[in-house]
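Heads up: the structure comes next, in structure tokens.
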Amino acid sequence: MHLSHVASNKTCFLLSLAFCALLVLLIPSLQPPQRQADLPQPRPHAKPAKHPLKNSLYRPNEDTRGGGFTQTPPPDNLEKMDDLNSHYRDFLDLRDIFIAVKTTRKYHKSRLQLLSQTWVSRAKEQTFIFTDGEDKELRLKAGLNIINTNCSAAHTRQALCCKMSVEYDKFIESQKKWFCHVDDDNYVILPSLLELLSSYSHTQDVYLGRPSLDHPIEAAERVKSDGSVSVKFWFATGGAGFCISRGLALKMSPWASLGNFITTAEKIRLPDDCTIGYIIEALLEVPLTHTGLFHSHLENLQRLPAENILRQVTLSYGGFENRRNVVSVGGAFSLAEDPTRFKTVHCKLYPDTEWCPRKTRH
């Protein structure tokens, strides 16, 4: 009888243990799920929104400096992708974009007059000229937003970074959604720029541009212990232009605002566009979105297909050493009359411009 009672107690004890173990396993599944904190939305796909840019995205081949182009065909489900990503897009106006043009006083007459006559005339309020010398005549004649940075006119790393530092601070002050930097030898195709940026949200981390190299740059990052570490990162070449969303620009502030940009540049001893890439890719770990819609004089511009020229975001032309490096676009102007081809492109985009030849007008 005693043995039977002991066996019974042992059985009850084992059943109790099994029941408790089962409860321990079931309790987490019975509790209501905890609410997760809001996570940042993913960046949109690196593609233009819709026609005409949809079919005109070009990327450089392995020889980026040579200017080779490879057309990227749109996927079959591109329209569905457009619908899925529509909530990422901004309904942009040109007034939402801060376009910074970097120049120097010696190019005021030769380059700025051409820009003010062409694309800048269509975006005067959105375009800000950053230079190193006062020019009252140009300011009054062209009605441009000219900002004298008081930086050196020398083409040195320090001078370039000084101007970029002022560009960044002025953009932050402007409260605009997008910062786009170009050089004074770029033509900005405004409709294409507007459509490209509309494919993204300005609150997201977006860094758009074209590398001048086919590989990441490697830099020696100086540290306080008198040593250095090697860092690799992509950067968008300033000669082709690049754009940064406001959301990302604000995150750059510790290394870029109020003169900190110059200090950061000295840390890696690289020019302004490289320093931008260093801050964004190496420090903030935000990847560059590579796009072939931006173009610089480093490329072979003659290889850009004529039928796609007006779909690009920026164009350029060769300097004194390579005057023939221009886009191949026909029009009423001869090469002698329009050596940069900027006037020809402008008259194709805006045929009703007063100075465009009549036969190109509607």
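Positions of Cβ are set from backbone N, Cα and C atoms, glycine also.
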**OP:** Have a look at Swiss-Prot and say which candidate in Cys162, Cys180 forms the disulphide with Cys151.
**Re:** Cys162
Original post:
Which one of Asn9, Asn150 shows up in Swiss-Prot with the note N-linked glycosylation site?
Top reply: Asn150
**OP:** Tell me, from Cys161, Cys243, which cysteine Swiss-Prot puts in a disulphide with Cys180.
**Re:** Cys243
Subject >> His297 (Mn(2+) binding site) versus recorded positions Arg111, Asn150, Asp184, Asp273 - nearest by Cα >> reply: Asp184
Subject >> Of Asp184, Asp185, Asp273 (the recorded positions), the residue whose Cβ has the fewest other Cβ atoms within 10 Å >> reply: Asp184
Original post:
Which one is it: of the recorded positions Asn150, Asp185, Asp273, whose Cα lies the shortest distance from the Cα of Arg111 (substrate binding site)?
Top reply: Asp185
Original post:
Cα distance, Asp185 (Mn(2+) binding site) to Asp273 (active site), nearest Å?
Top reply: 16
Original post:
Roughly how many Å separate the Cα of Asn150 (N-linked glycosylation site) from that of Asp184 (substrate binding site), to the nearest whole number?
Top reply: 18
